[in-house]
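All remarks here apply to the structure that follows.
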Amino acid sequence: MDQSNRYARLDLQEADLIAGGRHVLCAYVMKPKAGYGYLETAAHFAAESSTGTNVEVSTTDDFTRGVDALVYEIDPEKEIMKIAYPVELFDRNIIDGRAMLCSFLTLTIGNNQGMGDVEYAKMHDFYVPPCYLRLFDGPSMNIADMWRVLGRDVRNGGMVVGTIIKPKLGLRPKPFADACHEFWLGGDFIKNDEPQGNQTFAPLKETIRLVADAMKRAQDETGEAKLFSANITADDHYEMVARGEYILETFGENADHVAFLVDGYVTGPAAITTARRQFPRQFLHYHRAGHGAVTSPQSMRGYTAFVLSKMARLQGASGIHTGTMGYGKMEGEAADKIMAYMLTDEAAEGPFYRQDWLGLKATTPIISGGMNALRLPGFFDNLGHSNVIQTSGGGAFGHLDGGTAGAKSLRQSHEAWMAGVDLVTYAREHRELARAFESFPADADKFYPGWRDRLHRAA
């Protein structure tokens, strides 16, 4: 059934919809299946996403028609479809009237993902009007709070030098804590890898107790504050809270040095909101393991990594992994930097929409996946700044001289970039950085041709 006479209004102007402030706008790349018209399929998509179905129903009244989602722009050649969703469609909490991301997803990326007349449809951007934006929690903490703990400038404190303890599974509590101590002697921040939790060979309570002690010892030995991101991911709300409370109690006076990591993609919006509301004084570390199933450019359905990041800021993530923008081992490209800008800027341009965040606190980009000291300068050149959390697993513990030296090499790489000094030149007077060239020779050859002669040349 062609529903374009009801669910399509191509005379609507995007600027007018934004000025009206009553619609969430979504931009998709959509292709109908063979034999279906573009506008007809787009209208069915909007109907299925809001007030309609595949037939007219007798219970529809004038009010119902007033909250229809409307297709307002199409470009069949480029497969672009834009839909305006009235804000009244989205579910709100009965306890406080706040917005819920699960409702946003249910409507905009819900049943429409399985429609028989749609070959594929993927959301590439969305716009949130002020009246709806104000109903989301947004972050309570971000990198500025980490800088404060570290004793840095809270406006431009620079890269937080971090790692992921490797191997990701198989370490028992003491070796795990020993690895933490080793890295902290040179670095700032350690995160649990996403599967690390309460395995039988590494009970959480024993591991956390030893890690808290390792942090105290490292702080005493270096005179510097240290940070730890502890995984509290769980299916059950009460389990998450129990883990969080135990961790804070165990770290004691260093509780403000602790972030909580939640696997936000696999556990969903409920887990992120649980952590955000139950622990508002902790940095909420959004890990996105599994997201590539829908966000990868190879996937033609779902939504992009840009959309995931934007949703994370709405929900209140203090930081979210944003990949390495083509400079590490994970899928990505240099243009992905717009993802970081959308997280950090007061107003930013997306692929289709400009979003004004109305003072909502920024979310911190977390950079990980195949990074080491040799890859950092190019990454920072592309991004234009270094106010990120950077976590290198192999880039730290793959250093020939161990985790402490690996951490120092990462810090020295950042120092060189901040000073505008060529990395090979800087390495001549910084042993750990020099050894990073020897630790990762394939990267050294790729990014710094002739480094061997230059590194050992007399200054």
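The backbone N, Cα and C atoms fix where each Cβ goes, glycine too.
Going by Swiss-Prot, these are the annotated features:
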BINDING   N111, K168, R288, H321, S368  substrate binding site
ACT_SITE  K166  active site, proton acceptor
MOD_RES   K191  N6-carboxylysine
BINDING   K191, D193, E194  Mg(2+) binding site
ACT_SITE  H287  active site, proton acceptor
SITE      K329  site 'Transition state stabilizer'
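According to DSSP, N111 (substrate binding site) sits within a helical segment. Between the C-alpha atoms of N111 (substrate binding site) and K329 (site 'Transition state stabilizer'), the distance comes to 34 Å. Among N111, K168, R288, H321, S368, the residues given in the record as binding substrate, the maximal Cα to Cα distance rounds to 36 Å.
Among the recorded positions K166, K191, D193, K329, the residue whose Cα lies closest in space to that of R288 (substrate binding site) is D193. The C-beta environment of S368 (substrate binding site), restricted to residues of the same chain at least 6 apart in sequence and closer than 8 Å, consists of I164, H321, T324, G328, Q390, T391, S392, G393. In the three-state DSSP scheme, H321 (substrate binding site) is classed as strand. All protein chains shown were included, and the count of other CB atoms within 10 Å of the CB of K329 (site 'Transition state stabilizer') stands at 13.
Look at the Cβ of each of the recorded positions K166, K191, R288, H321 and count the other Cβ atoms within 10 Å; the largest number goes with H321.
In terms of Cα spacing, the recorded positions K166, K168, H287, K329 that come within 10 Å of E194 (Mg(2+) binding site) are K168, H287. Between the alpha carbons (Cα) of the residue listed as 'N6-carboxylysine' and H287 (active site, proton acceptor) lies a span of roughly 10 Å. Cβ environment of D193 (Mg(2+) binding site): I164, I165, K166, K168, L169, G393 lie under 8 Å away, each six or more residues apart in the same chain.
Cα spacing between K329 (site 'Transition state stabilizer') and H287 (active site, proton acceptor): 17 Å, rounded to the nearest whole number.
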